[in-house]
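Novice: This is the structure, below, for whatever I ask next.
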Amino acid sequence: MDIILLIQAVIMGIVEGITEFLPISSTGYLILSADLMGFWTKEKVDLFVVVVQFGAILAVIYDYWDRLWQALMGLLTGKAEGMSNPRQLGLSLIVATIPVMIVGFTFADEIKAYLFDPIVVAIMLIIGGLLIFYVENRPKPIIAQEAEDVGLKTALMIGLFQCLALIPGTSRSGATIVGALWLGVSRKASAEFSFFLGIPVIVGAALLDLLKHKDVLTSSEDWLVLGIGTVVSFIVALLCIRLLVAWVSRRDFKIFAWLRIITGVLVLIAAWGFGYQMAG
């Protein structure tokens, strides 16, 4: 058994857990980390990057189980404890998920073939950072204080923003949080709605990718590496979710804008100056 490989899986799980729900592109950081460590083969890294996100999204389900269960019951029965509009959150999440499902299933292969490039990733990191600065410096009147207050029209618009996350370097969390802030959703509600919106998208993508490409996992050690990364991402994401909600309840997202821009500039320098190409 390759101990170094298992340690690398732990590091990759930590990277995923920290970055998944921050508006900074977790996929970009995972691929950069894999490249720096020489982690696994290209085909296995591609699968790992998608499936390890399942651990992070399980942290959301675990931490918000009561609210998610109430939202599901509200959607199915029209009754939910503590909700004035029981079906609102469930319907809003469904509406917000539809655009990315349509665009993703239609153009996913083309996007990966033509846009999976370090220059594209760097540019989208920088643009995303600038957009965070823009929405933070031009706050809109708050129309939704909690995730349960997000209306169907607002949810659809957030869902359209989520489609931008199909472009490498954009960040699903970044696109949905920026979109929500732009539309007048509070910082806390923007973050939590983004958490919830990731459940169908990430679970669906992880299961689909695992079913399609499970043949690249050729040994029990491969499955162990994937399992370790997923478990570690769950534990780390659980902590980071709570820290992020506490952070945005008191502060803004500008620190993440700076992080995106700095990372984007470094990737541009690596690509233009040293011919860096992303392994994914």
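Each residue, glycine too, has its Cβ placed from N, Cα and C.
From Swiss-Prot, for reference:
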TRANSMEM  3-23  transmembrane segment
TRANSMEM  45-65  transmembrane segment
TRANSMEM  88-108  transmembrane segment
TRANSMEM  115-135  transmembrane segment
TRANSMEM  150-170  transmembrane segment
TRANSMEM  191-211  transmembrane segment
TRANSMEM  225-245  transmembrane segment
TRANSMEM  255-275  transmembrane segment
Novice: When you scan the chain for residues with a C-beta under 8 Å from the transmembrane segment (191-211), skipping those not six or more beyond its ends, what do you find?
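Specialist: Hits for the transmembrane segment (191-211): 20-21, 47, 50-51, 53-54, 56-57, 60-61, 64, 68, 71, 89, 92-93, 96-97, 100-101, 104, 146-147, 150, 158-159, 162, 172-173, 176-177, 180, 185, 241, 244-245, 248.
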Novice: Pairs of Cβ atoms less than 8 Å apart decide it: which stretch in 3-23, 45-65, 88-108, 115-135, 150-170 has the most with the transmembrane segment (255-275)?
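Specialist: Selected stretch: 115-135, with the most Cβ pairs under 8 Å.
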Novice: In terms of Cβ proximity under 8 Å, which residues at least six beyond the ends of the transmembrane segment (3-23) contact it?
Specialist: 29-30, 33-34, 37, 39-40, 48, 52-53, 55-57, 59-60, 128, 132, 171, 173-174, 177-178, 191, 194-195, 198, 221, 224-226, 228-241, 244, 253, 256, 260
Novice: For the transmembrane segment (115-135) and the transmembrane segment (150-170), check the count of CB pairs under 8 Å (sequence separation 6 or more) and say whether it reaches 3 or more.
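Specialist: With 3 or more qualifying Cβ pairs, these stretches touch.
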Novice: Any residues 6+ beyond the ends of the transmembrane segment (88-108) with a Cβ under 8 Å from its own?
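Specialist: For the transmembrane segment (88-108), the far contacts come to 67, 71-72, 74-75, 147-152, 154-156, 158-160, 162-163, 165-166, 176, 193, 196-197, 199-201, 204-205.
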Novice: Sequence-remote contacts (6 or more beyond its ends) of the transmembrane segment (45-65), Cβ cut-off under 8 Å?
Specialist: 12-13, 16-17, 20-21, 26-27, 30-31, 34, 39, 192, 195-196, 198-199, 202-203, 205-207, 209-210, 213-214, 216-217, 225-226, 229-235, 237-238, 241-242, 279-280
